[in-house]
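Over in TrEMBL, the protein carries these features:
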type	residues	note
BINDING	B:TYR121, B:GLN183, B:ASN206	NAD(+) binding site
BINDING	B:SER229, B:GLN251, B:HIS254, B:HIS320, B:ASP353, B:GLU407, B:HIS412	substrate binding site
BINDING	B:GLN251, B:HIS254, B:ASP353, B:HIS412	Zn(2+) binding site
ACT_SITE	B:GLU319	active site, proton acceptor
ACT_SITE	B:HIS320	active site, proton acceptor
2 protein chains.
Amino acid sequence: MEWIEDGDLDFLKKRKVEAKEAAQQSVQLIIEKVKAEGDQAIRAFTKKFDGIELTDLRVSEKEVEEAAARVPQEVRRAISQAAANIRAFHEKQMPESWTETVEDGVLLGQKVTPLDSVGIYVPGGTACYPSSVLMGAIPALVAGVGRVVLISPPQKNGLIADGVLAAAREIGITEIYQAGGAQAIAALAYGTETIRPVDKIVGPGNLYVMLAKKQVFGDVAIDSLAGPSEIAVLADDSAHPSWVAADLLSQAEHDKMSMPVLITPSRSLAEEVDKEVERQLETLPRRDIAEPSIETVGKIVLVKDLKEAAEAVNKIAPEHLELAVADTESVLPLIRHAGAIFLGMYSSEPVGDYFAGPNHIIPTNGSARYASPLGVDSFVKRSSLIRYTDEALQKNGSAIAAFARYEGLEGHARAVEKRLKGAAVHD
Amino acid sequence: MEWIEDGDLDFLKKRKVEAKEAAQQSVQLIIEKVKAEGDQAIRAFTKKFDGIELTDLRVSEKEVEEAAARVPQEVRRAISQAAANIRAFHEKQMPESWTETVEDGVLLGQKVTPLDSVGIYVPGGTACYPSSVLMGAIPALVAGVGRVVLISPPQKNGLIADGVLAAAREIGITEIYQAGGAQAIAALAYGTETIRPVDKIVGPGNLYVMLAKKQVFGDVAIDSLAGPSEIAVLADDSAHPSWVAADLLSQAEHDKMSMPVLITPSRSLAEEVDKEVERQLETLPRRDIAEPSIETVGKIVLVKDLKEAAEAVNKIAPEHLELAVADTESVLPLIRHAGAIFLGMYSSEPVGDYFAGPNHIIPTNGSARYASPLGVDSFVKRSSLIRYTDEALQKNGSAIAAFARYEGLEGHARAVEKRLKGAAVHD
């Protein structure tokens, strides 16, 4: 891993993957084609990009049953336990409607309502991520979304991966479509003969999925634009070099562009972790992916003390942060920007990826500066409530009218003044 | 106003203003130029589009003081009262951090942190909207954002409108820049020599502002993409036709594309409101704006009953909704999609625009289906917290490893297994 000892975090500027103009245009064409030709375009793109001739876009209940039965029992049990934990955590996030009466009988408040329909995109192709089904869909189900749709590209055998279907079955998702890439996003945003459009699209995907989400944004809602995975491990001498190395590698194996960073005031720990990473890399099955991540993106940032370490974390605003320090309680208050924070040496990042309960769809690429992990609040919205009384309006009406008139909005002023007793009404 | 009696709400499809390719490209060029040339580009575009030769981009404290003193006392008092109400409402929105200990000593939770910096865009030019300063900035201040920046185009006299500066002064905003349009958004997103970049940009603006916000989205956060204002008045025979008409006109006067809609089961009310709108329009100073809105966009939707009226509202998902009905309590539960809901006959929409407390920056163009008014939650984010214990990991580690291994992520499995007592560790 590359060492940084001068505090210069300029490598962060290279984090953002700029989309090529050609990719943008290609995505735009795919979206236009799906808008114009619907199902037929989905079939054509699936044949072209996934090499599959789809019969039905929708996955049948029978196919889901059969797929789930093919998943090893141990894994099905893990999916089930994870789902329970994820549900329990997200239930605590549910915001409540409230109203309150302020002076003069005026009632103010907000009403929380779930979205009508959402689409969960689950990456596929050569991979199989049942965990993404749970993390994308459970918060929507907890929020009370009426229609939760799953969409995922078919694998080479012509069906969505067994594990993905097993996870959907576990949580009761039955509306499942086979499509991937920009065409899947376009179908969810604008609908086809088979797929009714949704109000919001969430879930990670490749560059094409991300570009498509950005293009349809505004016509439908989206979650954040996901980039390569990131982990920052803030460690002191109390950390186990071998465990830290393994955690760094667990992110590195996601993508050649993934960013594993060790931040530590301990030169000896840094040296040991660096060696351990090299050693463990040798037997890692996904070494061809993890090695470029470690060698070209991964960093060891040597800092003066834990305070400087926390400042580095805030500049990175990592998706995942591990506080592998003896005294986590004194470091945590210094952290402003990190998507998910893992405290102490038993909180290995994969515990959060799969099992603990908090969401694993987390802002990347520094967007933890301003965004949150996916949650129940991603699937509800607030409506403001205002009930003014005669009394309150008589008291404040002339101030409101003066304000409106000052802004040049006479119609606003008149709407209020019409309700004022004895006021001059200009109409 | 156009009458719709057959339940066909197809007019909603025309609501979305499609941006011309030329406008998109023009905005892209402006952004590139600001990125490359900084302050100099801001000056050049301000000269070109606003006709102003800027000396300083930043507004001085002295200029703010002088501008505030020019605002009539009555208006300054209204601004001050409105600010207090807006602050009080938004303080109730502040989410709290929480943690809880689940089984085996595992701690889960979420930590709420304000954003470091935000930019509030306030439209200007010929208009002056102090209310937009309050509505954009107060939630950010309540959230605890460290740096709240205001940006607004200069007026013909070469300075931001007095009322805007007075509102900024009222709430203690001191970092104020003069720039408008796409160049202002680019400056906030990427920074110039004078203007440091921010993490999130909020506030309404014209088509260029909206297109620029969409283009910088992903590099910084933005609020929703604002379109023309909308009001739906759901009324029964208990409503005052003259008041309903005035409220419809108060939205119509915003923009030729604004959408005022009356939804009612009462033909007689509809007829009276229709006549009243025509009558009141005659003396409205902004008739040249309100008339096209009323004639070409405005609709009277005649429905069978209040239930069907509520269904129409949910299809429209209006920015503002007035329930001008005798029994608001029985209609409110039927409403799923509306940005701000005004209950009863004294809750004229301008009361919410200026004074009551809830935000007036509200989703438009049907996006109330999935988005909320601006609020404190627009200026904070959650970080998940996970502290696993040795005991919990020993109990669940093999399930987590099995799940990870099933997804083909051996590195994830190993990171967990390394911490398991007596487990085979593959490295």
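We number each residue from 1, going along the chain as drawn.
Glycine is no exception: its Cβ is also placed from the backbone N, Cα and C atoms.
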Return the residues near B:SER229 (substrate binding site), defined as same-chain residues 6+ apart in sequence whose C-beta is under 8 angstroms from its C-beta, sorted by sequence, else 'none'. B:GLN251, B:HIS254, B:ASP255, B:SER258, B:MET259, B:GLU319, B:HIS320, B:THR364
Least surrounded among the binding-site residues, given as B:GLN183, B:ASN206, B:GLN251, when other CB atoms within 10 Å are counted: B:ASN206
I need the most crowded of these binding-site residues: B:ASP353, B:GLU407. Count other C-beta atoms within 10 angstroms of each C-beta and give me the top one. B:ASP353
Quick one: Cα separation, B:TYR121 (NAD(+) binding site) versus B:ASP353 (substrate binding site), in Å? 17
Same chain, not part of B:TYR121, B:GLN183, B:ASN206: whose C-beta falls within 8 angstroms of the C-beta centre of the NAD(+) site? Give them in sequence order. B:PRO123, B:PRO153, B:ALA179, B:GLY180, B:GLY181, B:ALA182, B:ALA184, B:ILE185, B:GLY205, B:TYR208, B:VAL209, B:ALA212
If H, G and I count as helix, E and B as strand, and all else as coil, what does DSSP give for B:HIS412 (substrate binding site)? helix
Could you tell me the maximum Cα-Cα distance in Å between the residues recorded as binding substrate, namely B:SER229, B:GLN251, B:HIS254, B:HIS320, B:ASP353, B:GLU407, B:HIS412, rounded to a whole number? 56
Which whole number of Å gives the largest C-alpha distance between any two of B:TYR121, B:GLN183, B:ASN206, the residues noted as binding NAD(+)? 12
Within its own chain, what residues at least 6 apart in sequence put their Cβ under 8 Å from the Cβ of B:HIS412 (substrate binding site), listed in sequence order? B:ALA401, B:ALA404
Its Cβ having more other Cβ atoms within 10 Å than any other among the binding-site residues B:HIS254, B:HIS320, the winner is B:HIS320
Students should find that the binding-site residues B:GLN183, B:SER229, B:HIS320, B:ASP353 with a Cβ under 8 Å from chain A are B:ASP353
Between the Cα atoms of B:GLN183 (NAD(+) binding site) and B:ASP353 (substrate binding site), what distance do you get, rounded to the nearest Å? 27
